[in-house]
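Participant: A single structure is presented below for examination.
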C-alpha cells in the first residue's frame, strides 16, 4: 500500500506544480503586456520631474548638491510609499470582480451598503452572481456608522459627488498627459547641434498630438503589439543611463536613500522646498493606471511588472539623474536629455517620443472608459461608444470625447508652451484622484473587508498626511497653471450634475404617473381598443408598473398590438452582467392580456453591442418564461404575482438547446406567406428599400415554430401560437419622445437648469433610439411633455 500512496502523492505534487506553473506563465505574459498599457505614463516622468521641481526660487537660491540629493530622496520615498505600498500591496486587493478604479470601489460600496442613487434598482439585481463579491459574501450585522450613512441621502449624494469629482480629474488627466508628455519628449531637440526654436518645437508637438488623437478610432489593439516592447526598451534604456551616470558622476548619491536627506532638504530650503513638492509628485503621475486598468490584467501580473521592473528602473534613473545634476547644476532645465551619453542620444530620443505617445494613448483610452462608466451611473449624456477590439473587451472609442480632448489638449499646449506650467496642473489633477481613492479605500476596508474602523482610520490618516502635504503644495501653484484641472473639473461636473438632475426628475415624473393596474384590468383583455397583429415593444426606464406613455398612446390611437412587451434597459452596480443573467422576464396582468415585461441589465463596463438578434432572443425568452410559468407553480403563487409579479432570469445561452420554440433562419427576406398575409405590401416594400439602403442594419430573419410536444397545456400552446403569429406580423418599437420642462412655479435656478441646461444636452447628445440600436423603420415615437 505504501508504494501506491507514494506514487499518488507524487502525481498530486506534479499536477499542482503544472497548474501553478501554467498560472505563473500566464501572469508573466500579462505582466509583459501591461508595460504598454499601464506604465507608459509613469515611466516617462523622468523627462520632466527635476526641471519642474527646481523651478522658481528653489533654482535661484538652493541649487546645491544637498538639495539635489534631498529631492532624489523625496522621489525615492514617494515612489516607495504611494505606488509600491499603497497601490501594489493594498489597493490591488480591492478589486470588483477583477475590475479596478474609482468606480470599482464605489460599486463595491453600493453593493455592501445602500449607497447607490441609481433609480429602478430591484431585489432581483442582488441575485446576480457578480453582485456579492469579496470577503463579505456572508450577511453581517449592520454597524451604526453604516446605518447612519444609509439613512442620510445627502451623505450618499456627497459620496457620489466625490466619486464624480475624482472622475472629472481623470478626464483632466486625459487632457494634460498628452500635452506634457509630448512637449517634454520633443524638448530634447533644444540641446542638439541644430537647435529648433520654441515655435518649431511647438508645431512639432501639435502635429504629433493631432496624429495621436486622429488614430484613436483605429483602437489600441491595432498597434498594441508594439506598445509593450517600446515601454520595455524605454525602461531598460533609462535604467542603463541611470546606472552609467551614477558610476561616472557621483556614486555618493546612494547615501540619499536615507530619509535624513529629506530632513536636511527642508531645513535648508524651508517654504521653497515645500512649494517644490508640486514637482516631486510628478514622479508618481500615472500610478492610478495600475489600479484603473486592472480589468485587462491580473493583480499578480501588475505587481510583478512594477516591483521587479518599473520600480527599480525608475529609482536607478532618478538616482543617476541626481548624480549628473549634482556635478552639472546649470543644466537642470533639460537634465534628462543632457545626462544622456552622446553616442546614444538619438536612439533614446526616438524611444522617449514613442514612449510619450504610448503613455498618452493609455490615458486617453482610460478617459473613454471613465466617461462610459459615468454614463452607466446616469451622470453623463448619451454618447457614441465604439468597441474597437473583438478580442480585448474593454477597449472602446468615443468620437465626441476624443475631439473635445484634442481641442483642449492643443489649447493647453499652445496656451502654456511650458512643461513647468502644465506640470503644475497635471500634479494637482493626479494627486486629487489619489486623495479621493484613499478615502474610498478606507470605506471599503470598513464596509467590504469588514475590518475595524481603527485600521481604516490608520490607513486614511497615514496616506492623507502624505498626499495632503503634496496636495497643499500643488494648490499653491493654482495661479501658475494649477487652475486648469479645477476649471475642467468644474465644467464636466456641471454637465454631469445637470444631466443627472434632469434624468432623475424625469424618472420621478414617470414613477408618479404610472398607469394603474386596476385601470388596465378594467379595460379587459382587449384594452378597450382594437388589438392589431404584431408585437409592440414599449421602452421605458421603469422596472415596475406601466409607464405614462402607454396610456398617452392608448387614449390617442384606437389600436394596439396583440402582444405588448414593456422593455427596460438599465445599469446595475456590477462591472459585467453575464449573458446568462441579462434578461429578466415577467408578466403584466393575467394571461389573456398578452402583456409581458422584459428587463435587460448591463454592468457599468458592459458594452451594448448591436448584433441584430435582440428581437429573436426576446421572443425565445418570453416563450421560455411562458413554459416555465406553466411548469413551476411558484410563479402563480398568488393573484398579485400574476398581475405584475415574479420575474424569471432567462439565459440567452441555453435558449439554443431549449424546447420552447424551434427557430429556423430564412434565406429570402420576403418569401414567407404568413408574413405576406399579415403585413401590408406597402410596409414590405418600405422595409425592403430600407434594408437595401442600410445593409449593415439588416436584422437576421428567423421563423419560429412550436415544438412537437403532444402533452403541452392547451393554454400554453395558444399563448405560444399568439406569440409566433405576432412576431411574423412584425415588431414595432414604441418610445417616448419627451420634452422636459420646469413647472411654472419652479425657481429661476431650476428653470435655468432644466429649460436651458438639460434641454441643450438632450438636443445635442445621441437619441435613445440610436443608443439602443433601434431600427428607424420600426420606430414609433410618442410625444410627451414632462413638467418636472
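Just so it is clear, glycine is given a Cβ too, placed from its N, Cα and C backbone atoms.
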Participant: Can you say which of 426-448, 541-563, 564-586 is given as transmembrane segment in TrEMBL?
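Facilitator: Going through 426-448, 541-563, 564-586 one by one, TrEMBL gives transmembrane segment for 426-448.
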Participant: Which one of these stretches, 112-132, 133-153, 196-216, shows up in TrEMBL as transmembrane segment?
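Facilitator: Checked against TrEMBL: transmembrane segment maps to 196-216.
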Participant: So, does the transmembrane segment (426-448) come close enough to the transmembrane segment (155-176) to give 3+ Cβ pairs below 8 Å, pairs being at least 6 apart in sequence?
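Facilitator: Output yes: the transmembrane segment (155-176) sits against the transmembrane segment (426-448).
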Participant: Determine which residues of the chain contact the transmembrane segment (519-539) at the Cβ level, with the cut-off under 8 Å and only residues 6 or more beyond its ends counted.
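Facilitator: Cβ under 8 Å, 6 or more out: 546-547, 549-551, 554, 557-569, 588-590, 592-595, 618-619, 643, 678, 723, 725-727, 729-736, 768, 772, 774.
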Participant: Are the transmembrane segment (67-89) and the transmembrane segment (223-244) close enough that 3 or more Cβ pairs fall under 8 Å, when only pairs 6 or more apart in sequence count?
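Facilitator: Not in contact, no.
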Participant: Are there three or more C-beta pairs under 8 angstroms joining the transmembrane segment (392-414) and the transmembrane segment (196-216), sequence spacing 6 or more?
Facilitator: yes
